[in-house]
Structures are given as C-alpha cells and as structure tokens.
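Student: Copied straight from TrEMBL:
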type: COILED; residues: A:51-81; note: coiled coil
type: REPEAT; residues: A:101-133; note: repeat 'WD'
type: REPEAT; residues: A:191-232; note: repeat 'WD'
type: REPEAT; residues: A:233-276; note: repeat 'WD'
type: REPEAT; residues: A:277-318; note: repeat 'WD'
type: REPEAT; residues: A:330-362; note: repeat 'WD'
type: REPEAT; residues: A:363-395; note: repeat 'WD'
Amino acid sequence: MCDQTFLVNVFGSCDKCFKQRALRPVFKKSQQLNYCSTCAEIMATDGLHENETLASLKSEAESLKGKLEEERAKLHDVELHQVAERVEALGQFVMKTRRTLKGHGNKVLCMDWCKDKRRIVSSSQDGKVIVWDSFTTNKEHAVTMPCTWVMACAYAPSGCAIACGGLDNKCSVYPLTFDKNENMAAKKKSVAMHTNYLSACSFTNSDMQILTASGDGTCALWDVESGQLLQSFHGHAADVLCLDLAPSETGNTFVSGGCDKKAMVWDMRSGQCVQAFETHESDVNSVRYYPSGDAFASGSDDATCRLYDLRADREVAIYSKESIIFGASSVDFSLSGRLLFAGYNDYTINVWDVLKGSRVSILFGHENRVSTLRVSPDGTAFCSGSWDHTLRVWA
Amino acid sequence: MERVVVSMQDPDQGVKMRSQRLLITVIPHAVAGRDVAEWLVRKFCVSEEGEGQRGVAGETPYFWTSTLWPAAELDYAIYLAKKNIQKQGALADYEKVQYDQLHKKLNHTWDLVLMQAREQLRAAKRRRKGDRLVIACQEQTYWLVNRPPPGARHVLEQGPERGARPASHLQTSSDFYKREIDYTRKALGRTRVKSSICLEAYLKFSSQRSSHDPIMAGCLPSNPWITDSVDYWTLNAPTVATPTKLRVERWGFSFWELLGDPVGRAHFMDFLQKEFSAENLSFWEACEELRFGGQAQVPGLVDSVYQQFLAPGAARWVNIDSRTMEQTLEGLSQPHRYVLDDAQLHIYMLMKKDSYPRFLKSDMYKSLLVDAVTPPETRRRVFPFMRKPRHSSPSPALLPGSGESAAASGGDEA
C-alpha cells in the first residue's frame, strides 16, 4: 500500500495580506497561521534574517559577558583565605541535637522560625504543615494542605500567620487561631498564583506582603490582603528554587537561586535584576545573605557552597572538599557570620569557617537527606529538617 | 491501595480494560498506564504529578506496591537468581553489582536462594504462557520500582521534576539575549569595590560580633536549648526594662542595629525628643509602614503622612532639602507605596549621620551602658535526670486582649 499525503488546497483570505488566495499552513512561534504563497516566501526569507540576528545577538552577549568577567577580575587583588590568615582558628566545636521533633508522617521539606525564637513551622511531603513550640516539642497547630509536596513555608513576622505552598502552584496564608471551634483551613487565603510549583516563600517586613519563587522561572511580590500581584521578577532561565531577603538598611533587594545555575539579585521596586552570578556547576538549591547584607552564600547540587560579595561583584570563596560529593540542599549563617551551616544530601551537616574556608565540624544524626536548615533568630541554635520525617534543633 | 485496585477492577466504574495483543499471546485485562492515571485523576481529583505507576502490569494485586509487603532482600535475590539462571549474562550492570552484594550478604542462605529460584522457574513452566508473561511483567515492573537502576527517578520518592523545561524555548529567543545584553551593559558600568576592602569588612564584622554570637561564644546565663532554662529569653525579651550589656553594646555597632531593637528605638526616640527632632523618626516609621503595608491602605497612609509631616505648616514638619521635597510633592499626585522613598532615605541619612553619633556620645547612652545587666552564668546541671521542666510560652498568635484564652492554652509540659 502506498502512503500518500494529499495537500489540501484551502482558499481564503491570507492572514498577512488579507488577499483571497490559495493558502498554506505556516507555523510561527507554535501558532498556526494561513498564508498565501507570496507571504509564505517572504516569511521564509524573514526567518533567515531573524536567525542571523539571533546568532549575532548570542555572540554579542557572550563577548559582553567576557568583558564583564575581565572587569570583575581587575579589582580582585586578594583571596579571602589570605586575608583570613590573621584570624584565629576556631577551636573544637561540639554541637548536639537538643530537640528532635517527631510527628510528620513523611519527608520534611521546609521550615521557618518565628520571631519569638522558639516556635517553628514545618511542612512535609504528605501535605501537612505543623507549627511547633520546639522548646517543649509540643505541636500547636496542624493544617493539611490539599496538595502533596509542600515545599515552601514561612512564619509571619508578627507570629500570627503562616504561609505555605507547593504542588498546588499557590501560596496560601493561614491565620493562626487557638479557637477550638474554628477550623484553620476555613480562614485560608490564597495569595499567590503561579503556573508551576511553589519552591520558596517569605514574608517581607510585615504580614501584608509575601515574596514567592516558583518552578515557572519567576519570583513575585504579592499583597496578602487582596492577593494582588505587586511586582514580578523575570530573568531566570529555569525553575527558581530559593530566595532570601536582604537585611540591609535600604531593604529593597532580594537574591534568588535557580536551576539555571545562577544566583540573581533583584530590586524589589523596579523588578529588575541588579546583579547576577553564574559560577555554580549545577542547580542552586539555597541562598542566604551574610548578616551584614554585603554578601550572600549559596548551596548547590555541585556539592559546593560559595560566597559572593555584592560590592566586589564576584565570587570570593568556595566551600568544598573532595570527600563531599552530594549536593548541599540548604545553607545558613550563624549570627556573627563566622560560621556557615550547610545541610547535604548525604545526610550530614557540615559547619564551615566562612573566613578561612575550612570545615570546622561535621554533624551526624539524620537518617536521610537534610532538606532544610535555618538558624534561629537570636542565633542560639539552628534547626534542620530531613527526609527522615524529623526535625532536629542543634545547639 | 488494595481498595483502589479492587475498585479499578469494577466493571462499571473501573478503568477501561482491554485485551492487549502481545505478539501471539493475548494478555487479558491489560491496562494502559495512562488510563490508570486518568482514572485516578477523575476519581480523586488528584493533580497530575505523583504516584501513577507506569507500565503495563497491574491487574492482580500480587506485586502491588503496598507497604504491607516490603520489598525484601531475599525476594530480590531470588528474582535476580532466576534471571541469571534463565538467560546467562542477561543481568544489567547495576543488577550484577546488586547480585554480587546480595551473594555476599546472604551467603549463608545462598543455597536456599538458588533452590527457591529453580523451584519458581519450574512452577512457572507449568502455567499457561499468557499467565507466565503477565506475572513476569508484573515482577519486572515491581523490581523496577523498588530497586530502580541508578539514575532513574524513583517514581514514588523524588517529587516534582525540576529542570530547564519551560525555558528551553526561552533560551533561544531573541528577547532573552537582548535582556542579557542589556543587563551585561549595565553591569559593566557599575562601580566595584576592591576585593581587599570587601574582605577586610568581613573580618571586622565577624570579630565585632563574635562575642554576641551564642553559638560561637555561648550566652549568659545559659543557652536555653542546652540547659532547658528560658532565663536568656526572659532577659532579652523584645520589651524589657533593663536590657543586657551586650544588647546595649550592639546599638553602637550600627544605626540599623539600634533601630531594629524596640528598646533601642524607644530610647533613641527619647533622645530625639530632647533634641526636638523626634518627628524625623516618626516620619521614617510612617514611611516604613507605607512601604510594607497592605495595598489598600496606600492612598490613606500617603495622605496622612503628607498632612502630618510634609504639608506646609504641618504639625510635625520634617526638614527635607528643597529638591527632594519638590519631587515628593509632585509624586504625591499619584500615590504608590514607594512615593516617599526619596524623602525617607534623606531623613534616614540625616539621623544616621547627625543624631545617631550624638546619641552614642550622650550621657543617656552612657548611663544605659552602666545600668545594663550582665547575668551570671548558670552552669549546666550535672545530673541530667533532674531535668528542669520546660515551660511553654504564650503564642504570639494570641492577641494581648484575649487574656482568658492564654490560660486555657497553656500547653503541656514536655
């Protein structure tokens, strides 16, 4: 049997010149249009022109990036570990698990501290979000989300609400209530709407604004009360996995890290990317500002953590070891910025000396990969959440 | 899970069952994976991602991934042994590795393993070819899910797929490159600071703060997490009458640090009132409220700030330079949350460069330092079984007004 395709001739008005001609289907940006043969030929030559422009744009971008690297290198006169030779080495570090929070039925994906320094909110794969008083290990509230894989959760600065989201592509805010007659889920507010999973969320300085990062490659700033989008941030070429707000006095920037191996610093007011750093070799899982706000650290699947300085506009330190081959899932600084705690997928937590670049200590305890790690607001302890269904507070 | 499978087999509401032709043998009741997923979506309104088991098998729940029947090592060894016996050298690389490992581990029962394998093969030969194929398929899928080859995504475990999915077409569009070029051009023009200066700043910051870092230097009287005593938190509560010495010292590190502490800010406000410039701090606070407040409150807040601080002849008029004032007043015709940013920055810098240094040199600050407490250290209890009861604290979610509910929700002791 022979396979014949017959070209069907359709007559009609061309989508470009509107003349009545025999039409051919033409695909432009995955949309089908019907052009007459003359317009189709013009488009073919146009396309060629477009391709040429695309290639020249790409080479222009590459050459500019090269120039930028040269400029950055010019002012790099000394390495961090050289400067840090004058600093005393840190002594032995003994940190133990002081509390173990058991209660999640599945992997813990995210956690956040309350400003009261003892309460935390944590979310897990089975859709449960729990608020604990981690000092007494009591559970105070529990919400079941309608979706699984709740990858982001945050505590409001006032301590009166929590936000969470994940595979439902939304960020929902739940006011915390102790009223036994009220179901927490009843007062839920759906704030953010993305077109892909929510990977991170954080309140700004008040309960009324929330910043989200999503697998659709964008970050967005929302007004909690109305759910209105205040600003959106486009620029990542792949999923955005993490974000952190700057502690600086001008308080208008935040940093985000994504699967495109980039960490980008954004101006919240204009929505523009202010700085970008692309030195990681794999997904950037976590970003956290240095306490002074002049730098930030990032943890990545390439098993390294790196420190980027914002004023020097470059990477200034790499925290890695040959023996560490699993990715770092989350990082945080101690209060003085001297220590960097990083949780890895090989179930351990490594403590790095930020200035000297060496590992100070390695903490064992979790029985599965560490997915989230945050230092408490007053720096007395840090909490790590893991796929082994538990959270541990270390001090 | 079993209930799901049974309901799937329900002739009316279950998944579409078909007889699939595999070469010559007919596999009865084969169910395409996609049908299962669709049915699950319909039945449970489950979102697309998640636990759909791919593959052809899935009729009789013999090998279903139930938690009631964990994938035991022995079973896996028998499966691999069968595979090895049937066709020599058919094991994949990762399977060979597993096989060797299991051989070492189960060396004592290896005879049992081989015997079971041979018996199972013999029993299988006695079945009809159709059934044999079905069970073989099931078995294979079961082990693919529970012992995935390295690098394969463990279907039930990994979670949402990451990657450059949506952006692959973004990469090649001209808009993307134009944006990159734009950004890089701007970045080339920015001023950078020498590395040596930036890095020195870290040293200074860390050394200044190390005694204030509880993890590095400990905290007095003791770290609550270690000794179970909340004294440290009580002494450092947000609004406490006598702040600790370390806390008062921190106010001297930076203006931002002073403003960030409620007690510090209150004292600074007192100081400003003595200097008749308290409206500066009030104006700054009002601007912060505007920037981080709800969208609906923006017009009202802008108006009230204007009336109180910026209007000519206002009760608490702030002293801003004329250019900034002009720009701000212009912007007020279209109020948005950032309209007062320039004015706020101007006032902030004024306080930082002028009032703040005077505050640090003032008698008020000096006496605060003198009055500040340094709590004595509480040693760690020697006998851990005489543990202090861990007291719960009222949740910040309880409003100050609802005092009666605070008692009711006191919380259990650990």
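Cβ atoms here come from the backbone N, Cα and C positions, even for glycine.
TrEMBL annotations: computationally assigned, not manually curated.
A quick note: this is a predicted structure, and the numbers were derived from the prediction, not measured.
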Student: Going along the chain, which residues at least six beyond the ends of the repeat 'WD' (A:277-318) come within the CB cut-off of under 8 Å?
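Tutor: Sequence-distant neighbours of the repeat 'WD' (A:277-318): 72-73, 75-76, 79-81, 241-249, 255-265, 324-333, 335-337, 340, 342-344, 352, 354, 357.
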Student: With DSSP as the yardstick, break the repeat 'WD' (A:330-362) down into helix, strand and coil residue counts.
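Tutor: Helix/strand/coil tally for the repeat 'WD' (A:330-362): 0 helix, 19 strand, 14 coil.
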Student: Give the one range among A:191-232, A:233-276, A:330-362, A:363-395 whose Cβ atoms make the most pairs under 8 Å with those of the repeat 'WD' (A:101-133).
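Tutor: Per the Cβ count, the answer is A:363-395.
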Student: Quickly jot the same-chain residues contacting the repeat 'WD' (A:233-276) by Cβ under 8 Å, restricted to those at least six beyond its ends, or write none.
Tutor: 196, 199-200, 202, 204-205, 211, 213-221, 282-289, 291-293, 296, 298, 300, 308, 310, 313, 330
Student: Under an 8 Å Cβ to Cβ limit, what residues of the same chain, 6 or more beyond the ends of the coiled coil (A:51-81), are close to it?
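Tutor: For the coiled coil (A:51-81), the sequence-distant neighbours (Cβ-Cβ under 8 Å, at least 6 residues beyond its ends) are 307, 312-314, 316-317, 355-357.
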Student: Could you give the number of helix, strand and coil residues in the repeat 'WD' (A:277-318) as assigned by DSSP?
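Tutor: So the counts come to 0 helix, 23 strand, 19 coil.
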Student: Which residue counts does DSSP give the repeat 'WD' (A:363-395) for helix, strand and coil?
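Tutor: Helix/strand/coil tally for the repeat 'WD' (A:363-395): 0 helix, 17 strand, 16 coil.
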